[in-house]
Structure formats: C-alpha cells, structure tokens
Amino acid sequence: MLNINLKLKNIIFLIYYSLITICMTFPGIFDLANKINPWVFGLPFVIFYLFLCIALLCAGLCIQFFIESKLGELDIEVTPIDNNDVSGGENR
Amino acid sequence: MIFLFFAVMLFIIRKNLGVSSFEDYATASRSFGFFALTFSVLATWIVGAMYTSWAGMAVTYGFTALYCIAYAIITMIVMYYVAPKTYIWGAKYGIKTQSELLGFRYQSKTVRMLTGIWGIVFTIPWLIVEIVTQGYVFEYASGGLIPQFWGMVLGIVVVAIFVSLGGMRSVVTANVFQGLILIFGGTALMIYFIYKYFGGFSSGFDMVANEYPEMLTYPGPGWDPPTPYWTSIVILSGLGGFLWPWAYNKLFASDSIRTIKISALLAPIIYAIFFSIFVFTAIFIHSYDQTLSDVQGAFLWLASESGPIALGFLGVIIMASSVGTVSGIIQAISTTVSRDFAQVINRNISDKRAINIARISVIAISLISLLIGTADLGLMVFLALFTYDGIILLFPVVILGLYWKRANKEGAIIGLIAGTALSMFLRFFNPIFIESWGWQPGVYGLALCFIIMIVAGYMKKPGVFVEKLWQDTEVLYTKNVKVPTSKSTSRVS
C-alpha cells in the first residue's frame, strides 16, 4: 500500500514533467511559441516561453520535494551491511 | 591571475590531500552536504569549452544555444529520480561507482564492465577538449609567452596532483571554489560586458531585434534544421546529461537523499540564470563583425578589448570551469579503472593497492590525454559533440534498472550494444533522413534500447535477488515514510 502511494505520486509528477517538456520542445507546440512578438517582461516571446516552461518544471520539483519532505522520504536511514563480500553484490 | 587561482585552490584543498581508504578516495566517505554537492555538480558540468565552442554556437545561432538551460532542468529531474535508490543501495551495499551500481542491480560483471567502458570511451573526447582549452587559455592570456602545449602540461599536472592525492574529497572541495568563481564571477563579467558595450539588456535586445531578429528565435541565422532537431538535442542532452560517471558518481559522495534532492532543485535555477546571461551576451556580441570571423574566440576578444584585468578574469573563469570538469572526469575514470576493472578481475586487491591503482590511472590518463591533445583537436570537438549519442544509451539501463523489477541483464547488455551500434551507425553514415526529419541518431538508439530491454524483461520473471532487493528497499521505506492514513484524514476533516 505504501509503495503504491509513493509510486502514484512519482507517476503523477512524471506525467506533469513530461507534459511541460513536450510543450517546451516538441514540434507543433514549440513552433507556435517560436516567435519574437509579443515581448513579455522585456524578452522575446520564445525566450519568455522557455523560461516559463523551466519555471513550471522547477515549481513541480519544489512541490514534489515539499511533499516528500512531509512524508519523510528524504530522510531514510540506511545501515551499511558489514560483510564486504556483499559489496557490489554480484554473483562471483 | 590564473596562477593566483591555482595557488588559492591548492591552499584551500591542502587539508584534503591525503586519503585514508579507497572508500574515501571514491566517495569522500559519503560526507558532503547540499552546498558542496550543488557547486560540485555545476563545476563538473560547466565546461571550459563553453567560452570557446559553445560561445561559437551562441554567437552564430543565438536562441538555439539556450537548449542548454532547457536540458539542464530535465537532467536535474533525472538526478531527482535516480537519487533515492542510488543513495540507498550505495550506502547499504558499499557501492562506489555508477558501473558498480548497475553491476549490482543486474547481478552481472558484464554489465558492470560494459557500462564502465561506455563511461570512459564517451568521456575521453571531453577530457581532451578541456585540456586543450586550458592550453589555449594559457597561451592567449599570456600573450603567447606560455605556449599551448606547456599550458596543457601546467593544467593537467595541477589536476593530477590534487586528484591523485585527495580523491573525491579534494575534487569536491576544489569544485566548490571553482563553482563559486565560475558562476558568480562569470555572471558578473557577462553583466559588465552587457552594460559596457550594449547599454544594458533592454537596449541590447532592441538592437538585436532591429538588426538581427532571427537571432532571437529557433533555429537562428544561416541554417534551417527542422524542429525535431531542437527536440532531440534537448531530450538527448537532458536524459543523458546526468549519466556521465563524473556527474553520477557525485551522488555517492552525498550524505543523504535530502542533500541530493536539494541540489537537484538549486542547480538548474543557478545554471539557468548563469547560462541565460551568457547566451544573451553572445547574442549581443553577434553585432560585432570582428567576432564573426572567429566566433570561438569572441569572448576572449571582447575581454581583451576591455583590458588586462577583464582578460585575466575571464581566463580564471574558463580555467575554473575547465579544471572542475577535468578533475571530475579524471577522478571518475581512475575510480572506475580501479573499482570496476581491476577489482573485478582480481577480487583480492587490498584497499591500499586499490588506491595506488587509482593513482597510477590518474597519471596514465593525464599522459594519454596530453598525447592525444597535441593531435587533431578538430576531430575531438567533433567526437565530443556526438558523445551524447552514446552516453544516452545508459539511460534505459539506469532508469529501468532502478524502477522496473523485470529489467534484466540480457536486455541491458543487448540493448546497450544494439542501441549504441544503431546510434553510431546513423551518426557516422548520416543517412538523408537524419537531416531531413531532424531527429538525432541517439533518439533511434534510445528507442531501440528501450524496446529490447522491455521485450527481454517480459521474457523472464525477475530473479530471487531482485525480488529480495525490492523487498528490502520497501522495508526501508516502510520504516521511514509516513503516508497519511484514512484515520488521520478524517481527524483533520
């Protein structure tokens, strides 16, 4: 159950990042934004559009970070295994 | 000023010149916090050639060079997603390199050595380009007093000394110093250029919009690649950008998952501000006819026009960028040689001998790089630009390995080899559809590798080892993570 919830959270954010990335790069959508006018905040439209996509991706990362911080996902304590033979873990 | 930079850097890292174990050499005993990790990733990632090769692209094509900030954020999302299991498995099982992690996950020495070879082969061109850049800067900044070859020797000797003596700890410590200089110094210098020569951002953009409007949109003047070219370079660089062993291995030096994820949040923001101002400066510089005859030397020319202090300062910034990358690369390669080759071939290598092998590797790599660096640089730049077509093939191996239980070694090996072969074939034979459709060779290789790995994954069930690994990881999460329950939800409401 725990794993499913965490997986779902990761998938939702991944879909969000993918959608923004598609808007930022894919033919068709990017082509619509690839123009100088109108100027926004003193920037040509396509540069503003690129910054907007990056800002949305950063915002997504911040929200995901905040959620994970609340869940305790960022502070997982790991106890190293002493046995050196396990290091690297491969069948030898 | 460049010598002063080297002196200060060595002074700062003097206490780190000595490693107690191979673990310390490879991972600095997993001790670094977010500040160190952020600037270390940036210093390793931002190459000195940015002010030469990338400057050439930005001065010539304008907006297209901003693909770097678009891919940077995708790279950091990749870093964000690979962080948890990389950190957990690394800390729990004593894993020290990217190849070791993959060998461990797939239970395969072949995967381990193959990914190690991939990491080294596709990294070497970058190393050479950076060493040559160091020589070029020494020669330019000294007015020819220090020839390029001896500049290269000086740069590589300093790096070889502190990497071999201090390992990851000295590399990361030096990276923080380099990162601060190149980010803040680089941004300040670009802003100085913009206000001195173009009257500020607003008037600079007005001038470009009136005289060279095509510089402000994709693809820029003088060429006409279709939009999928833009898609390809952003996606390939974004997905592959964090898979360089010199970037990925920094994860093993961090002290927690939180540290890595804070770095993944900070690095793209800092990088976007820094690189945008760099590209804006390059777009404005396009208006100078002198720079168009030598676009790669455009920034150095502008700095020399601004006086010796500006030129010296730019030299220091380029050197900081270059030394950061070179030290990261050499440390990663030497660790891979010792850990993923020597210690796989002979399991009984002692800790002390492992460090010595790594140190000898540092010297060997430095000498080989110097030798190749005196040969044809044009070829190296050509190869460096296409290395993403190769390194991107590690993406399915890493991401499916970390997130998909069914991913297996057969799929990883066949996918890696077949995908790279397709990618390289298309790159070097360059069939007509590559240019006309715009999708770059790495995209086809990446798709093939994914298909092979997924098909192979469904052909057999996950092994006992993988089932247990997933189970153990879930137990760790269960102990630490608090998922809101229906009971607590109802209490709140």
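In case you wondered, yes, glycine gets a Cβ from its N, Cα and C as well.
Quick look at what TrEMBL lists:
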TRANSMEM  B:31-51  transmembrane segment
TRANSMEM  B:58-81  transmembrane segment
TRANSMEM  B:116-137  transmembrane segment
TRANSMEM  B:149-168  transmembrane segment
TRANSMEM  B:180-198  transmembrane segment
TRANSMEM  B:229-248  transmembrane segment
TRANSMEM  B:269-288  transmembrane segment
TRANSMEM  B:308-333  transmembrane segment
TRANSMEM  B:354-373  transmembrane segment
TRANSMEM  B:379-404  transmembrane segment
TRANSMEM  B:411-429  transmembrane segment
TRANSMEM  B:441-459  transmembrane segment
>> Counting CB pairs under 8 Å, which listed stretch among B:31-51, B:180-198, B:229-248, B:411-429, B:441-459 touches the transmembrane segment (B:269-288) the most?
In response: B:180-198
> Taking B:116-137, B:180-198, B:229-248, B:308-333, B:411-429 as candidates, which has the most Cβ pairs under 8 Å with the transmembrane segment (B:31-51)?
Replying inline: B:308-333
> Counting Cβ pairs under 8 Å that are 6 or more apart in sequence, does the total for the transmembrane segment (B:180-198) and the transmembrane segment (B:308-333) reach three or more?
Replying inline: yes
> When each of B:149-168, B:229-248, B:308-333, B:411-429 is checked against the transmembrane segment (B:116-137) for Cβ pairs under 8 Å, which one has the most?
Replying inline: B:308-333
> Taking 3+ C-beta pairs under 8 angstroms (sequence gap of 6 or more) as contact, is the transmembrane segment (B:149-168) in contact with the transmembrane segment (B:411-429)?
Replying inline: no
> the transmembrane segment (B:354-373): which same-chain residues, six or more beyond its ends, come within Cβ distance under 8 Å?
Replying inline: 19, 21-22, 25-26, 124, 127-128, 131-132, 135, 152-153, 156-157, 159-160, 163-164, 167, 330-331, 333-335, 337-339, 342-343, 380
> Are the transmembrane segment (B:411-429) and the transmembrane segment (B:229-248) close enough that 3 or more Cβ pairs fall under 8 Å, when only pairs 6 or more apart in sequence count?
Replying inline: no
